[in-house]
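Asks: I have a structure I would like to understand better, so I am pasting it below and will then ask my questions one at a time.
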Ligand code: DOR
Ligand code: ZN
């Protein structure tokens, strides 16, 4: 049925997981998120992380200054939790809408996470406060320990950290970010979606770990959590195809300069802002589930965050759309996800 659909109109989507970085990278990448999304939740893991209200206000204004958009676009900010975070900072930040949520990076789990959390007990008072004020906690859900296999980190995190955390703070609103496994799908689904939801990226829906090694190692497909087995990819695709309200759009677009991707210690992250929305459309189409596209892209997220659903709409049409091969940044480049490839859908201007 859906292969005959040529045009889709949905409320304008929001991206609930975006890395914009800063300075020259920010200036180059912002327009891609701004083109497709009305709002974006901005991750705080800069080289100097956004750990308080003052830094957040300054970062937000740098984002706004870097935009030359024809569209109305709203960056929503998050606070990076460290063992020094005090509840008052979050209380003030959340009540003044300086922060929409706070992010928990386990120590050494990903890009700029060296100021992340080693022991969850270090932020117990902060979590208690967040539960009380209804401020969402965003989690990079991987248990980091060199004895845990990289492919098991997410499932292990649920068992060792997330489940005890939820028992201790049952009314804390949590987003398990960029889930990659069937264990996560199952765990999230069995909880009330007002208290536990999850974002899913386009790359984890489109790819599995085989793709990362197809014909050679492909650093541009290296991200964290790492791509998993095909059985997990299928579980993610099924989760969104059923229109389940626990899941919503968070692209985890994460630009890195080429020199930092192609390196002996290559950075994790996939820059998918130019293609994310159209990739999701393609995936829903492949799953014969276009009727659930709008709730995933434009409704489930705002409902979780208690924000209004956008009034504007976008029209997506069946027309080939070519992704740029590279984006120049000074003397370097950023290579986007699906670089040089053509997607089946475009945005109608
Ligand atoms: O692949 C990733 N890149 N995963 C993350 O969790 C962080 C992100 C980044 O900031 O580069
Ligand atoms: Zn991320």
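Cβ from N, Cα, C; glycine included.
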Asks: In TrEMBL, the Zn(2+) 2 site includes 103, 140. Which of 68, 178 does it also list there?
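Replies: Answer per TrEMBL: 178.
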Asks: Look at the substrate binding annotation in TrEMBL, where 19, 20, 21, 45, 140, 224, 256 are given, and name the residue from 58, 268 listed for that site too.
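Replies: That substrate site, as TrEMBL gives it, pairs 19, 20, 21, 45, 140, 224, 256 with 268.
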Asks: Besides 17, 19, 103, which of 244, 252 does TrEMBL list for that Zn(2+) 1 site?
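Replies: The record-listed residue among the candidates is 252.
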Asks: Tell me which residues of the chain lie with their Cβ under 8 angstroms from that of residue 17 (Zn(2+) 1 binding site), as long as they are six or more apart in sequence?
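Replies: In sequence order, 41, 43, 138, 177, 178, 199, 201, 250, 251, 252 meet the Cβ cut-off.
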Asks: How many whole Å apart are the CA atoms of residue 268 (substrate binding site) and residue 103 (Zn(2+) 1 binding site)?
Replies: 18
Asks: Do you know which of the binding-site residues 20, 21, 103, 224, 252, 256 end up with C-beta under 6 Å from ligand 2?
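Replies: List returned for ligand 2: 252.
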Asks: Per DSSP, residue 256 (substrate binding site) is which: helix, strand or coil?
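Replies: Looking at the DSSP assignment, residue 256 (substrate binding site) belongs to neither helix nor strand, so coil.
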Asks: Quick one: which of the binding-site residues (19, 178, 224, 268) have their CB closer than 6 Å to ligand 1?
Replies: 19, 224, 268
